[in-house]
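Participant: According to Swiss-Prot, the record shows the following:
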- Ser120: active site, nucleophile (ACT_SITE)
- His145: active site (ACT_SITE)
Amino acid sequence: MIRNELIDQLARTQASALETQGLGLVPMVVEQSGRGERAYDIYSRLLKERVIFMVGEVNDQTANLVVAQLLFLESENPDKDISLYINSPGGSVSAGLAMYDTMQFVKPDVSTLCMGMAASMGAFLLAAGAKGKRYALPNSRIMIHQPLGGARGQASDIEIQAREILYLRERLNTILSEVTGQPVDKIARDTDRDNFMSGDQAKEYGLIDKVLARRGA
């Protein structure tokens, strides 16, 4: 009972966040059991199957939800894979790195799947899934580029912020090199501007392992 309540609470929070992002109302599903009927919002039901959605902009709110769900599912079963479904244009680097670090921190393998778009930090998180378990659907688009940023204020403050952006660019390039097998200098060249790829191109590049047309294919 407590487990179901925790799942419901986590998923309701995610469902509320998705609604605030303008993604519409969250549908409900009803399950029959020997104890009667039980209604779940769709994300609660999928969370029971160890499926997490990372949809929309990467920000602190979505990062906190994904991190919480990863930690919860690890506590439920540290040996069973977690699936992370991604449809995101990217967003905050710090929020993305929080999710990346947690994906590496938890014991279960985190399988990633791109549906629609995985751009910027969305593509970074897609590539950060467990090796051999990173997927994209046939018409998905994946885009990598260098981190974006702006600065204002005194010259010394602008210099500090510029150094931080350069550090983040180097760190992200290093991680992408590790997960794709591409040399760091090639990653740096390829992310200098927006670099869009199809699923097959992303597979060839090393961002994903397989393009899935059908489940179990």
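Each position is counted from 1, following the chain as shown.
Note that Cβ sites are derived from N, Cα and C of the backbone, with glycine treated the same way.
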Participant: Have a look around His145 (active site) and count the other CB atoms within 10 A of its CB, chains all included.
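Facilitator: Other Cβ atoms found within 10 Å: 17.
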Participant: Taking just the CA atoms, what is the gap between Ser120 (active site, nucleophile) and His145 (active site) in Å?
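Facilitator: Checking the Cα atoms of Ser120 (active site, nucleophile) and His145 (active site) gives a distance of 6 Å.
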